[in-house]
Amino acid sequence: MGSNIRYRRILLKVSGEALMGSQGFGIDVSVADRIAADIREAREMGVEISVVIGGGNIFRGVAVASKGGDRVTGDHMGMLATVINALALRTSLVKLGVDAVVLSAIAMPEICESFSQLKALAHQAAGRVVIFAGGTGNPFFTTDSAGALRAAEMGAAALFKATMVDGIYSADPKLVPDAVRYETLTHNDVLSQGLAVMDVAAVALTRENKIPIIVFSIHEKGELARILSGGGRSTVVSD
Ligand code: UDP
């Protein structure tokens, strides 16, 4: 099926905020179900897909640090939040009949498997959607950096960064109505222009490993499949 598929193996980065839908906090199960349906559609095209999930809908470490608390503890709390989201996404995928597994960078064997690259590759080869939880397992990092890291470890042909808008703009399109959407950029453009798409560590890691970043809107149902088939709207960051 689908000889014109652009990328055969991808890593999808979904922020925690994407899961909360229009709620101000937590998980909107109908949104998780919709994202799961998009993942299933991509799977059915024969694309191997693994997911890094964020935790910002529940907790961010900076929230503790900004109130005088300990940043490292805050980041531990943020990483735990990503596990909650990963379990929710797995539940949505399983409901749709998609075999999925959660691998956490922080061991919690009663709840999910611990991450190792070999285990992750074996699950992927067995046709499962691998959901990476716990970020990189280290404080002071983000799940965007985890996305870049896991994309490299999984041999992904592209890192799909799911956002609220359909690409990278010259300015925030919600604030600046005539902001321009870029079709393509280089990793260096993103870094030198300070474009707020992923943190510097994530962009540098993808640059080093020659992994393109595809920035697209997760709110457009079916957009992931459209982009994989050569259509849709996105910004492609590559060298
Ligand atoms: N986090 C961390 N190390 C990581 C990834 C995440 O400490 O490798 C913590 C950090 O506190 C972060 C929170 O987990 O604020 C949630 O992740 P992130 O903000 O990246 O989630 P997203 O913005 O994608 O929802």
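We number each residue from 1, going along the chain as drawn.
Glycine too: its Cβ is placed from the backbone N, Cα and C atoms.
Where the annotation comes from TrEMBL, it is an automatic prediction and has not been curated.
Given the ranges 21-26, 135-140, 207-212, the record in TrEMBL names 21-26 as region 'Involved in allosteric activation by GTP'.
Matching Asp33, Asp38, Asp75 to the UMP binding residues that TrEMBL gives (Gly55, Thr136, Gly137, Asn138, Pro139, Phe140, Phe141, Thr142, Thr143) identifies Asp75.
A strand conformation is recorded for Lys13 (ATP binding site) in the three-state DSSP classification.
Averaged over the region 'Involved in allosteric activation by GTP' (21-26), the predicted model has a pLDDT of 88. A straight line from the CA of Gly55 (UMP binding site) to the CA of Asp172 (ATP binding site) spans 22 Å. Comparing the Cα of Gly56 (ATP binding site) with the Cα of every entry in Thr136, Phe140, Thr142, these being the binding-site residues, the smallest distance points to Thr142.
By neighbour count, meaning other C-beta atoms within 10 Å, the densest spot among the binding-site residues Gly55, Gly56 is Gly55. Annotated pair Asn138 (UMP binding site) and Thr163 (ATP binding site), C-alpha to C-alpha distance, rounded: 23 Å.
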